[in-house]
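Enquirer: Feature annotation from TrEMBL assigns active site, proton donor to B:LYS202. Taken from TrEMBL, the feature NADP(+) binding site covers B:LEU8, B:GLY9, B:TYR10, B:GLY11, B:THR12, B:VAL13, B:GLY14, B:THR15. Residues or ranges marked as NADPH binding site in TrEMBL: B:LYS102. For B:GLU187, the entry in TrEMBL reads L-homoserine binding site. TrEMBL lists B:354-428 with the feature domain 'ACT'.
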There are 2 protein chains.
Amino acid sequence: MTFKIGLLGYGTVGTGTAEIILDPLGRNKLLQKIEIAKVGVRSLDKPRSPELPAGVLTTDLEAIVNDPEIEIVVELLGGLEPSRSLILTAIANGKHIVTANKAVIARHGAEIYNAANDAGVYVLLEAAVGGGIPVIKPLKQSLGVNRIQTVIGIINGTTNYILTQMTEEGADFDEVLAEAQKLGYAEADPSADVDGYDAADKIAILAAIAFGGRIKRDDIPCEGIRQINATDISYADDLGFVIKLLAIAKANSDKDSLQVRVHPTLVPKDHPLANVNGVYNAILVEGDPLGRVMLFGPGAGKGATASAVVSDIATIVGILQTNSTSQKLDPLLSCSHDHFSELTPITEVETRFYARFLCQDVSGVIGHLGMSFGKHNVSLESVVQIGFQDELAEIVVVTHNVQEGNFRQALEEIKNLDAIDSIPSIIRVL
Amino acid sequence: MTFKIGLLGYGTVGTGTAEIILDPLGRNKLLQKIEIAKVGVRSLDKPRSPELPAGVLTTDLEAIVNDPEIEIVVELLGGLEPSRSLILTAIANGKHIVTANKAVIARHGAEIYNAANDAGVYVLLEAAVGGGIPVIKPLKQSLGVNRIQTVIGIINGTTNYILTQMTEEGADFDEVLAEAQKLGYAEADPSADVDGYDAADKIAILAAIAFGGRIKRDDIPCEGIRQINATDISYADDLGFVIKLLAIAKANSDKDSLQVRVHPTLVPKDHPLANVNGVYNAILVEGDPLGRVMLFGPGAGKGATASAVVSDIATIVGILQTNSTSQKLDPLLSCSHDHFSELTPITEVETRFYARFLCQDVSGVIGHLGMSFGKHNVSLESVVQIGFQDELAEIVVVTHNVQEGNFRQALEEIKNLDAIDSIPSIIRVL
């Protein structure tokens, strides 16, 4: 007995998926039960590798999600539409879904999972976060028995590559971005990556699973890496930090609300995430009583992403093979919550800050900084005069944990001090 | 509807397991369906925390594995007997098994899994390897769609703690072992840990899952860390390595046989495993087309191990809840192989070596070393005169990849050279 699947899309991940399924020797034996029945593409004219039997390729995507013989639809189109509509039609037709599409789940997850629960089908998405790293299923099946405290991820390979190159070469952002675009690590329009939107989609998904409540994607404060420069990377290094784009989801101590945010962050060099370099991704999960677990691996790329896609297909086939009649979903693999988590506004989040000031009169300024920060309950861990730029002295401040709103108010006041020329950099500290 | 479980043993991991299940708020909702019906202990006199309702504690372990109301037996006794017999009786009675016992699975896995397959029950063992790190289920469900090439683990926390302390303090083995025993990180009889037997049990389990064939535990060459000393750690550091006790399972290029081995190893400092310190564990898996994934976390301890135990209980409860009637096992969670993998004898394994020689006449010796190694097809990556001990010069050699048998033959010859005083250290290099 074989199980028929239909692929929507036959680009990098689609062909990678077919390469695994069509060459099952030496892999899990279950793969031999999977038959690629239909593959939907935009045009039949392009040469395709691996080649598929005649009649498998089609431009009629609707026909795939309506094909009564297909039990699993694998959505690899990316983007919001037509992915969302095709997924919903497939679900309505009782088909299980495997997808690598973080955007459609982050934006339309509530609608999709409600439909899936009604229809009694699974929507699995291991490939949507962390490429080939097993993270979604471990969060659902293993780590979820803990009270999760934090999920912190380096989950965008492009920005991690850029920051790693900037750190190793002392180069500035634009230069490294151009190089990354030449190497194919960054898109011609790099916004989704470098402005943090991709990481925000992914942390929305991880937070929903880890904390058992849906996340309003638009409520996630998101700051990218365009403003990071060689100067701050070098000062951070002196202070014992590296700069990483982190996606953070954290239970507030009251336990009733979450903070979810994406921003560049100074990470202490002895932190496990500090050594995650290049296009690698890693997700750190802290829970009670587990402690700290980190999952590390290739966050993107054909083979890694296809590995995750096929693992989801195999998971569903394994279930179908043992349990073809039950309409009930395994609560460890399906979405069993339908409320939205309350997210803390960024102004109420507590974090440490690094800030760099350019100023004229160092001794006077330090006193004024101390006073302004003190007035707004911002206590300082260190104040260092660290260099000069042109005629101006550079002062770097690292705060203790402070409420972001208080810190911003203090900065407003400090900006207006006569001796302050400018505040070129403000970066959060882990 | 609740699912009744029986615990065999109520020591550290058993009480940790109860603490999670009895306090389910903020954890996966499925935990609310689990009822601890019976807990088997040696004596009823000791005070126990968490306290259990009257009648739950019993000294009659047989009664637990024969109780018709209990659906899952959680074996936390450790050791071979009575664990093996109790597990087999429970299986014969149609109960699913969750165990943290690497020894019984490494030694009696074939018998236990054959019985489980006949009875249509699961035997899950996430806690047996890597403590709280999700590794068994990810290997089965996610990574297994790849052609696995290597599994390399730092999977014994005691030895990793000792080696880390030796590295950081420049201290010798005996000293650090005594300290570790005082802190409770090492047993009074430390043999299972420091001689590598625990790591060998664990890599037998990982290799069986990763490569889909059973492993004869007694065929795993196993070398511990007693002979590692501050001198070699310091020389390794100079050469760009740290010393770790690695458990390695690797497909030979012919694909029909495996090498599985446990030994101290020089690990390049830029390798992901080099930064895994203290009692932390990590498992690195390389597969095609996935690439390299590393899973990192607490390898032991009450909370971490209990987290893994409860995740297995929840996995079975999830399946029972959706699929109470089927006798078929999900092939991704059960053992679907029954042959034994062929293991390469250590003499035929190819690896790099580090060897340290004490000798009288440096210039003469280097020539002789080169000749003896050359005669046995051992090619050298570097030969360094690195220090002095008393009147003797110390020479350190690092080889290219060589067949271990050839290397040992060359050493036999070199030992008899007049100018060679002794060969204090031979350590494999990753």
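Quick reminder: no glycine exception, Cβ is built from N, Cα and C everywhere.
Each of the listed features needs to be described in terms of its position in the shown structure.
Expert: DSSP gives B:LYS202 (active site, proton donor) a helix state. B:LYS202 (active site, proton donor) is surrounded by 26 other CB atoms, counting those within 10 A of its CB over all protein chains shown.
B:GLY9 (NADP(+) binding site) carries neither a helix nor a strand DSSP state and counts as coil. Here B:GLY9 (NADP(+) binding site) comes close to B:GLY40, B:VAL41, B:GLU75, B:LEU76, B:LEU77, B:GLY78: these same-chain residues lie at least six apart in sequence, with C-beta atoms under 8 angstroms from its C-beta.
On its own chain, B:LYS102 (NADPH binding site) has B:LEU125, B:ALA128, B:VAL129, B:ASP198, B:ASP201, B:LYS202, B:ILE205 as residues at least 6 apart in sequence with a Cβ closer than 8 Å to its own Cβ.
Remark: B:GLU187 (L-homoserine binding site) has B:THR158, B:GLN181, B:ASP193 as non-local neighbours, by Cβ distance under 8 Å and separation of at least 6 in sequence. Under DSSP, B:GLU187 (L-homoserine binding site) is assigned to coil, being neither helix nor strand in the three-state scheme.
Looking only at the domain 'ACT' (B:354-428), the predicted model's pLDDT averages out at 92.
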Enquirer: Could you tally the C-beta atoms, other than its own, that fall within 10 angstroms of the C-beta of B:GLY14 (NADP(+) binding site)?
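Expert: That number is 24.
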Enquirer: Are there residues of the same chain, six or more positions away from B:THR15 (NADP(+) binding site), whose CB falls under 8 angstroms from its CB, and which are they?
Expert: B:ARG48, B:SER49, B:PRO50, B:LYS302
Enquirer: Could you check what DSSP calls B:GLY14 (NADP(+) binding site) once collapsed to helix, strand or coil?
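Expert: DSSP call for B:GLY14 (NADP(+) binding site): helix.
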Enquirer: Around the NADP(+) site recorded as B:LEU8, B:GLY9, B:TYR10, B:GLY11, B:THR12, B:VAL13, B:GLY14, B:THR15, what other same-chain residues have a C-beta within 8 angstroms of the site's C-beta center?
Expert: B:LEU7, B:GLY16, B:THR17, B:LEU76
Enquirer: Applying a 10 Å Cβ distance cut-off over all chains shown, what neighbour count does B:VAL13 (NADP(+) binding site) have?
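Expert: Taking every protein chain into account, the count is 26.
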